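One structure is given here, and the rest of the page talks about it.
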There are 4 protein chains.
Amino acid sequence: MESDTRRFVLTLGCPDETGIVARIAGFLADAGAWITEAAYHSDPESDWFFTRQAVRADSVDCDIDEFRRRFATLADEQFHPDTEWRLSDTGTPNRVVLLVSKESHCLIDLLGRAERGEFPGEIAAVIGNHAPLGELAGRFGVPFHLVPFDDPQVSKAQAFERVAALVDAEDPHAIVLARFMQILPPELCQRWAGRTINIHHSFLPSFVGARPYHQAFARGVKLIGATCHYVTADLDAGPIIEQDVIRVDHGDNVADMVRQGRDIETLVLARGVRWHLEDRVLVHGGKTVVFD
Amino acid sequence: MESDTRRFVLTLGCPDETGIVARIAGFLADAGAWITEAAYHSDPESDWFFTRQAVRADSVDCDIDEFRRRFATLADEQFHPDTEWRLSDTGTPNRVVLLVSKESHCLIDLLGRAERGEFPGEIAAVIGNHAPLGELAGRFGVPFHLVPFDDPQVSKAQAFERVAALVDAEDPHAIVLARFMQILPPELCQRWAGRTINIHHSFLPSFVGARPYHQAFARGVKLIGATCHYVTADLDAGPIIEQDVIRVDHGDNVADMVRQGRDIETLVLARGVRWHLEDRVLVHGGKTVVFD
Amino acid sequence: MESDTRRFVLTLGCPDETGIVARIAGFLADAGAWITEAAYHSDPESDWFFTRQAVRADSVDCDIDEFRRRFATLADEQFHPDTEWRLSDTGTPNRVVLLVSKESHCLIDLLGRAERGEFPGEIAAVIGNHAPLGELAGRFGVPFHLVPFDDPQVSKAQAFERVAALVDAEDPHAIVLARFMQILPPELCQRWAGRTINIHHSFLPSFVGARPYHQAFARGVKLIGATCHYVTADLDAGPIIEQDVIRVDHGDNVADMVRQGRDIETLVLARGVRWHLEDRVLVHGGKTVVFD
Amino acid sequence: MESDTRRFVLTLGCPDETGIVARIAGFLADAGAWITEAAYHSDPESDWFFTRQAVRADSVDCDIDEFRRRFATLADEQFHPDTEWRLSDTGTPNRVVLLVSKESHCLIDLLGRAERGEFPGEIAAVIGNHAPLGELAGRFGVPFHLVPFDDPQVSKAQAFERVAALVDAEDPHAIVLARFMQILPPELCQRWAGRTINIHHSFLPSFVGARPYHQAFARGVKLIGATCHYVTADLDAGPIIEQDVIRVDHGDNVADMVRQGRDIETLVLARGVRWHLEDRVLVHGGKTVVFD
């Protein structure tokens with residue numbers, strides 16, 4: 001990474017009050033930080049304040065560790081105790097683990113983006129319950145771990161233990177369910193809260209659960225969609241990061257919807273993961289603020 | 001209407017089998033009919049066949065009544081008894097009744113379209129439960145009937161009886177609930193089946209019922225939508241004619257969604273009503289085929 | 001306007017440098033200003049900095065005039081001489097003049113928005129070169145001035161002089177060419193620079209000039225669009241505020257495009273004018289920054 | 001291919017007159033053909049008639065060669081001499097050759113679609129002027145031919161001769177310029193007329209030629225797009241098959257546009273090629289009819 005594109009990125013959420021912007025701006029100015037992106041949001045509903053600021057790393061008069069220490073002092077002294085913040089360094093690549101099953105479209109899309117250098121992270125490993133996508137990951141030089149979920153000798157709970165061990169070994173910044181098709185047990189939802197991202201193949205909250213395109217076809221909707229969201233223990237009900245839709249008509253049967261839906265799933269997941277990895281998504285009260 | 005733009009429009013739905021297209025095409029060719037639009041759809045799920053054909057009225061060697069008689073003979077002799085068909089004449093204007101409440105955006109949009117000659121029908125009357133939109137209708141020279149729904153002397157059932165009498169007096173081809181906000185009683189849904197059109201201010205089946213924008217805000221969706229559908233006794237569950245969405249973000253509160261949603265409601269209703277009035281919508285099994 | 005929705009809005013553009021945000025944030029904090037919206041943009045191409053900040057008027061410890069005086073002092077002392085800024089008060093309504101010709105769709109849409117209270121301005125007058133839209137404006141209680149452009153006794157230059165006198169008498173914050181169809185002379189483009197807004201019925205820079213739908217039909221494009229832009233002496237080349245498109249296909253002839261295009265023109269103009277009136281549009285180097 | 005999904009597909013264009021539909025429908029009915037899709041279009045501008053009909057192969061009482069012979073007889077006897085028609089068999093795979101350069105996004109997308117069985121053709125070969133995409137094609141088991149265009153020993157004309165020989169050896173139904181970046185010489189445009197498909201990274205006719213995203217950034221457009229079109233000798237002016245756009249804003253620099261544009265290029269090319277291979281695109285007078 002060239003020095004002029006490396007950024008320190010501050011994200012912060014706290015109870016809203018007068019003067020927050022001034023305190024942060026003063027802190028950054030004191031460090032000589034050149035702000036390249038700054039976004040703010042005040043939510044009058046929850047009285048919560050959100051910000052994301054990116055500064056040129058080479059403009060700051062200290063390294064990221066010292067910068068974090070300084071901000072921690074400021075936060076302790078001048079911010080509400082409920083404040084949540086994070087200071088990240090784009091020079092440290094984000095590790096990502098992908099969980100997949102049989103459908104290849106999201107996997108190949110993310111592998112392709114990573115290979116051509118437009119993915120803001122590093123795909124550390126792919127974990128899947130069927131071999132073919134392992135072969136695909138191998139073609140892109142990404143390690144694959146096969147964890148079958150249909151082995152009569154292995155309970156689903158045991159299979160998830162293996163998955164969990166493999167994931168945790170990578171200490172990833174994001175666990176991406178790229179059409180994984182298995183429902184994560186609540187303890188993993190909890191353990192990986194805020195960094196587990198799913199793509200659901202419907203425009204949520206429509207068509208929760210299984211076979212959403214069949215549901216969409218039966219209802220006769222004129223648009224089908226996909227939803228990228230954080231995973232919580234409540235199925236398909238986590239905070240939504242991104243959604244999009246595509247037009248269908250009476251000439252499209254379920255197979256046509258499945259095919260066309262893949263394109264939307266692919267794009268929506270890629271955007272959602274990008275924003276998460278770039279620290280553009282802040283979660284509060286079951287909803288997201290996305291500074292895209 | 002100039003003679004070269006007047007059309008006879010045939011719509012037909014029947015169990016699918018070989019030779020239907022040939023029979024219809026032969027019939028039209030025998031009458032000298034110049035086809036300007038022809039659309040077909042076979043639904044393998046329900047084994048149902050749908051078609052819409054528009055022919056130049058001035059190319060047909062008889063008038064619409066005789067044309068209907070001839071087609072009725074053909075249908076009786078050569079089509080399945082479950083066949084449903086309709087032959088309409090665009091030279092005979094479609095009468096439309098609008099039901100409204102307090103929100104003006106759909107009403108003013110439809111009045112404007114009618115005034116500038118781009119509405120394929122005639123707004124025969126507006127019926128509303130509040131006076132202000134009556135004043136608006138009056139400015140466009142359209143009769144308005146006030147039927148209050150909050151009069152303690154008049155039950156809701158009685159109010160609906162008055163509405164029904166006013167509607168039926170117009171014998172309309174379409175009854176349009178342009179943000180009417182009252183739930184039609186089942187007997188009226190039944191009586192006006194296939195010609196009562198509602199605009200619901202959400203992307204159905206998400207957010208059925210009251211205050212959909214509040215529901216959308218609470219869920220944190222990234223797109224809001226509107227749905228134009230035929231009214232059935234099952235609330236917000238009738239066959240969908242048209243839907244569309246608009247992007248929102250964390251900066252949009254409920255009031256912003258309401259405001260932006262109006263634009264989508266307006267467009268989606270206008271398109272749905274247009275297609276209905278142009279006989280572009282065929283209903284079968286709770287879903288629509290739209291030959292737009 | 002209720003006291004808690006009245007805002008003072010600061011917009012500012014200046015050469016980029018470190019510390020600008022801190023200076024503005026400090027200034028606002030010193031005045032006790034409660035920030036409800038804050039947006040920033042740094043353009044590395046032009047090294048220009050842009051911001052828009054809205055604060056609750058009732059949180060500021062002085063009135064708008066004093067607030068402006070204080071900011072002027074700050075700007076003089078601590079900002080680059082090329083800095084451009086503006087401090088507006090949403091409690092003071094924006095006056096708008098509409099210029100129209102024969103097409104009613106944009107006019108009726110804006111009148112409808114104003115009437116239902118969702119237009120962030122006051123339509124002070126409508127000026128048109130044909131009578132029918134005057135009758136329409138009259139129905140909404142808005143003054144109309146007829147200035148014919150086809151009177152053999154009156155040159156086009158004279159007609160524009162009359163238009164200019166009528167416009168300037170209103171001292172408007174925005175002059176909106178709502179399908180005016182006359183090319184503004186350069187001296188008026190200059191005099192009203194930065195506040196004259198046009199809607200062009202194509203997706204610029206495609207199809208500049210006359211009859212864009214005919215051009216679009218001839219080229220066989222699959223989407224048609226509309227562009228809202230500031231008017232400059234260079235035809236259809238001013239800074240773009242907003243654009244949108246709608247899908248067409250081979251079944252759409254020019255008349256269909258004209259009809260469907262109206263819906264996009266209407267929406268795009270309404271959005272562009274709203275953003276201008278809410279001080280969300282900053283212009284620099286022939287392009288806009290839109291803080292929507 | 002299972003027998004019930006194999007189709008014979010008839011496409012036909014001819015001067016419009018009464019009775020065409022009846023003749024075709026009668027012909028199909030006589031052969032026992034079960035129509036699964038039928039689309040018609042009459043263009044009043046050019047007085048040209050277009051149709052596409054798909055029938056179940058297993059319903060027809062003869063094989064494709066005999067079916068073609070019979071239709072040829074009908075066409076000779078009963079259709080205008082200018083009639084153009086084609087009868088294809090989806091049981092015979094379409095061969096496709098891809099021409100690429102350095103950008104991988106379209107290539108990997110098409111390879112992925114082919115591998116997962118959703119591409120209606122067979123990627124017979126990839127021809128490129130740089131080695132890296134050859135390595136990528138190899139991973140998917142597709143033959144790659146390297147034809148450098150920067151070899152000082154080889155003129156551009158000679159390089160194109162090699163490309164032409166390689167393409168013609170495959171006798172492909174489609175030659176797809178998947179971000180090839182070289183302008184095809186007129187003789188190849190001519191030789192491969194009607195089956196050479198390009199993706200241009202702008203919403204044509206805006207930003208013809210080189211570096212369209214730089215042009216779009218400079219103009220400050222609010223949407224960027226991509227155009228899939230047939231290649232003709234007139235640069236970027238061939239018949240448009242498909243277009244789409246994506247929203248950008250002031251925060252997007254050229255690199256952001258390039259990145260986001262790739263997603264649109266990828267989708268638009270995939271759709272255009274699919275429609276071409278499924279015989280859904282008919283060309284007449286520099287424009288396309290797309291029966292999607």
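Placement of Cβ uses the backbone N, Cα and C atoms for every residue, glycine included.
Here is what TrEMBL says about this protein:
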{"type": "DOMAIN", "residues": "B:9-85", "note": "domain 'ACT'"}
{"type": "ACT_SITE", "residues": "B:ASP236", "note": "active site"}
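Listed in sequence order, B:ASN198, B:HIS200, B:LEU204, B:PRO205, B:VAL208, B:GLY209, B:THR227, B:HIS229 are the same-chain residues at least 6 apart in sequence whose CB falls under 8 Å from the CB of the residue listed as 'active site'.
When pLDDT values are averaged over the domain 'ACT' (B:9-85), the model yields 95. Per DSSP, the secondary structure of the domain 'ACT' (B:9-85) breaks down as 29 helix, 27 strand, 21 coil. B:ASP236 (active site) falls outside any helix or strand according to DSSP and counts as coil.
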